[in-house]
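Enquirer: Would you mind keeping the following structure in view while I ask a few things?
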Amino acid sequence: MSSTTTVAEFAAELNKSPATLIEQLTSAGVAKVQASDPLSESDKQKLLGYLHASHGTVAADRKKITLVKKSTSEIKQADSTGRARIIPVQTIKKRTFIKRDDGSDMPVEEAQPEVLVAPQVQAAADAELVRREDEANRHAELLRRQEAELTEKRRLRDEQAAQEAAREREREAAAQKAQAEAVAQAAAAAQAAALAAEAAKKVKPTIGKIFKPAPVAPTAPAITVEAQKVIDTAAAEKTSKAAEAATAKAAETASLQAAAKAKATAEFQADAAKAVDLQERRRKAEAEAAGIRAMLSAPKRVLVPHVDPKIAMKGTLHKPVVAPGAAKPAVPAAAAPAAPGAAGKKEVKSENLSSTWKDDAAKKKGIPSRGAPVVPGRGNFRAGPRGRRSSGRDVRPESNFVAPTEFKVLEVHVPETITVSELAHKMSIKSSEVIKHLMKLGQMVTINQPLDQDTAMIVVEEMGHTALTAALDDPEAFTADDVQGQQAEALPRAPVVTVMGHVDHGKTSLLDYIRRAKVASGEAGGITQHIGAYHVQTPRGMVSFLDTPGHEAFTAMRARGAQATDIVILVVAADDGVMPQTKEAIKHARAAGVPIVVAINKIDKPGINLERVKGELVTEGVVPEEFGGDSPFVPVSAHTGAGIDDLLEQVLLQAEVLELKASVDSLAKGLVIEARLDKGRGPVATVLVQSGTLKAGDVVLAGSTYGRVRAMLDENGKPIKTAGPSIPVEIQGLTEVPQAGDDFMVMTDERRVREIATYRAGKFRNTKLAKQQASKLENMFSDINAGEVKMLPIIIKADVQGSQEALAQSLLKLSTDEVKVQLVYSGVGGISESDVNLAIASKAVLIGFNTRADAQARKQAENNGIDIRYYNIIYDAVDELKAAMSGMLTPDKKEEIIGNAEIRNIFKVSKIGSIAGCMVTAGVVRRTAKVRLLRGNVVIFTGELDSLKRFKDDAKEVKEGFECGLNLKNYNDIEVGDILEFFEIKEVARTL
């Protein structure tokens with residue numbers, strides 16, 4: 001990596017946009033404007049220090065950086081059929097940089113690309129494998145130490161090279177200085193020679209002037225010229241010697257420098273080769289250790305030693321031509337390992353790939369190469385059909401035989417419902433084995449049929465395994481995590497009070513007086529058919545009230561009210577005393593473990609006896625405080641308001657004793673009191689918050705339904721934003737109408753809420769299907785023997801979930817052995833067109849309880865003759881359905897004697913038989929009536945009349961005191977004095 005890069009290149013390395021990097025550089029104090037601006041190492045250090053400071057970490061002086069680069073490539077490999085297959089290969093490269101003292105980053109370690117290839121496992125003794133693994137580990141440790149020593153040597157060599165370079169620079173400077181001095185001396189010599197020549201020229205005319213030349217002395221000019229030549233020659237020789245000396249010295253310096261560089265280069269290359277060799281040896285040692293570990297952990301297989309030469313040649317589309325006399329290539333024993341030098345190459349051998357390719361190569365015949373000799377009977381395509389058929393016999397495929405293991409007892413966790421295939425998978429056997437065992441147990445099942453928990457556990461025990469009751473895949477376990485994470489402070493909360501008692505004892509009127517509102521007048525028939533929730537502010541604090549129905553059909557509603565409450569107000573009318581629903585309310589309160597405050601109502605009526613009421617309550621186990629019990633008795637009048645304040649004081653006193661607390665700053669939890677389907681708002685649920693705070697927008701899980709709270713209303717219909725503990729509210733936004741009595745909770749993860757709701761819905765469905773299947777199999781023969789049973793199919797649509805539940809239970813109780821109520825569907829909301837279509841298909845009666853049908857549904861019902869009945873009071877619905885079922889009952893048959901006649905004469909007529917002449921002694925004789933023949937007060941014959949005549953005319957009836965003639969049908973053994981008794985069979989309607 002270069003020391004100077006541009007902003008754009010550095011941003012690409014960091015996977016950031018150049019604009020973001022420029023902003024960070026500007027914040028770090030590095031002024032960069034464009035992406036093409038250069039970026040130095042100091043700028044990068046400033047940016048790194050700024051980022052460390054901004055993230056709150058101390059910038060450490062990092063000496064070593066390792067970069068890991070992963071790249072995925074693909075190679076094409078041809079199988080035995082010639083088709084190319086693409087194989088992904090992942091290559092991992094590592095590069096380590098160490099910061100030197102001179103500030104440069106030098107790569108000290110570059111890991112070879114690692115290609116993931118499956119190790120070939122060879123069978124060996126465990127002790128030998130352990131020894132080899134230890135040896136490989138020691139070898140790897142030795143390589144690591146050698147690598148550390150090599151790094152230290154390299155550092156020392158670098159320091160020595162730096163010192164030698166400094167000394168070399170000094171020698172070069174000295175040589176250059178000497179060369180400069182030699183050049184200067186040569187220049188000085190040349191200058192001196194020039195000056196001498198010039199002086200000689202000046203001397204020549206002076207001599208001519210002073211001395212007259214003799215005719216015999218012409219040698220003066222020759223001597224001067226010779227002297228000049230000598231001087232020039234001496235200067236040139238001196239200059240050339242100095243230049244030669246400088247050149248020789250420079251050449252010597254250059255040769256020394258080149259030798260030093262060559263030596264350094266050779267040492268560097270040798271060190272690099274040694275590092276590569278060490279790295280390669282280290283990689284091989286680690287690979288060998290990994291192979292040994294894989295061999296230790298791999299299951300043992302029994303391998304067949306035979307390997308066909310044709311199969312041993314992998315990855316070759318066209319087999320090489322082998323001469324008939326040539327020797328076949330030797331088969332490498334146990335897949336010979338790759339050569340040591342080929343470890344760094346990207347080679348993917350086909351024998352290291354998936355075993356399915358080996359199977360394909362073994363099963364399918366290879367394509368013969370061009371020019372290969374044709375050998376008959378060896379699988380060649382020119383050898384005829386016999387050769388093709390016999391080709392597979394010579395090739396023995398690789399055996400995948402697994403040594404048999406002894407039976408292993410498994411712990412099988414059985415949920416509430418499980419299919420046959422899932423149960424077989426848990427026991428690691430085939431589904432057919434489970435089906436066989438179930439057939440032995442007398443159950444005919446299919447592979448996808450759900451089994452209940454008891455049946456599945458019996459099968460597991462029969463198969464020899466251990467059955468455990470569990471639901472490991474239950475996502476509801478995550479709900480506990482969310483609850484445990486909340487550690488909020490518990491604060492005092494308002495009590496939740498449930499008003500219970502018999503019907504028409506004044507529960508709603510009492511609550512109405514407390515709330516100062518007219519609630520009872522709004523209920524149909526003056527009786528409560530819904531569970532109501534209200535909260536009231538009193539001088540001593542807030543109290544939340546739950547008003548439950550008193551009718552016997554609303555048992556489930558009362559049970560829910562008792563479970564959600566803190567205190568129960570048991571309302572008993574002073575004139576009626578303890579009634580059946582009063583006893584039931586006491587049982588619900590005892591089961592819930594809540595204190596009871598008894599309110600004896602209607603004390604303003606004349607002729608009441610409070611002591612009688614107290615005695616009846618003591619008989620049921622509710623003992624007043626004045627008798628030494630724990631239940632306060634308060635006489636009240638909902639009409640005049642007498643005793644209401646005392647009742648509230650007793651309730652708040654009980655609440656103080658209980659010390660009711662709940663967390664406020666946590667996720668809300670509570671109970672679904674009531675639910676209905678509103679045509680405009682969708683599913684609406686009345687919930688009571690028991691802990692935490694419910695807010696608009698929270699994700700709520702209620703049973704098998706979920707949703708986000710879109711709106712919240714109080715009991716007066718006013719919108720609110722939050723609801724704390726003990727506050728009843730109406731919420732909207734659920735996906736479906738929840739079941740009344742379900743727990744609801746607020747969770748933070750909507751995806752997890754959806755998973756839990758889906759799991760609960762599927763669990764409910766599977767449990768229901770399993771129960772239905774079991775009942776069908778068990779009751780199959782009993783239904784055949786019972787004969788035809790009349791069914792009354794009904795569809796119930798109610799306004800709220802509680803009313804629908806109560807009405808359905810009341811109507812199902814009307815079923816008898818002859819007429820059964822078949823509940824096709826029950827739901828909440830108005831009667832829609834789909835409900836009418838369901839009634840048409842099932843021939844059911846539609847019952848609307850406080851609901852009506854829309855225009856399309858009414859029109860379709862009229863066109864198809866569907867009966868829709870509307871009710872507001874549960875009594876009327878039960879009574880009318882009871883009458884309808886009574887009409888479906890088979891009427892009873894009853895005999896009624898209408899008259900007697902005495903035989904006084906017998907007439908024999910051919911072709912007719914005996915004709916009896918009779919006198920009607922009592923009642924009347926009719927032609928259509930049945931007759932009994934009595935002889936000596938013993939019945940001899942019972943049958944019908946063939947004819948009845950008075951004189952010669954046919955008669956329909958003959959009254960008392962008249963004579964008649966009659967003939968019995970198919971009977972002639974009559975005697976004088978026999979008595980004929982006439983009777984009719986009448987049908988009498990039955991009632992339930």
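Every residue, even glycine, has its Cβ placed from backbone N, Cα and C.
Given the structure is predicted, the values throughout are model-derived calculations rather than measurements.
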Enquirer: In Swiss-Prot, one of 133-136, 601-604, 833-836 is tagged region 'G4'. Which stretch would that be?
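Expert: Among 133-136, 601-604, 833-836, the range Swiss-Prot annotates as region 'G4' is 601-604.
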Enquirer: Looking at 481-485, 526-530, 946-950, 956-960, I want to know which stretch Swiss-Prot calls region 'G2'.
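Expert: Per Swiss-Prot, the stretch marked region 'G2' is 526-530.
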Enquirer: Quick one: which of 43-46, 547-550 does Swiss-Prot have down as region 'G3'?
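Expert: Checking Swiss-Prot against the ranges 43-46, 547-550, the region 'G3' one is 547-550.
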Enquirer: Six or more residues out from either end of the region 'G4' (601-604), which same-chain residues have a Cβ under 8 Å from its Cβ atoms?
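Expert: Same-chain contacts beyond the flanks: 505-506, 509-510, 571-575, 610, 635-640, 642-643.
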Enquirer: According to DSSP, which kind of secondary structure is Gly501 (GTP binding site) found in, if we only use helix, strand and coil?
Expert: strand
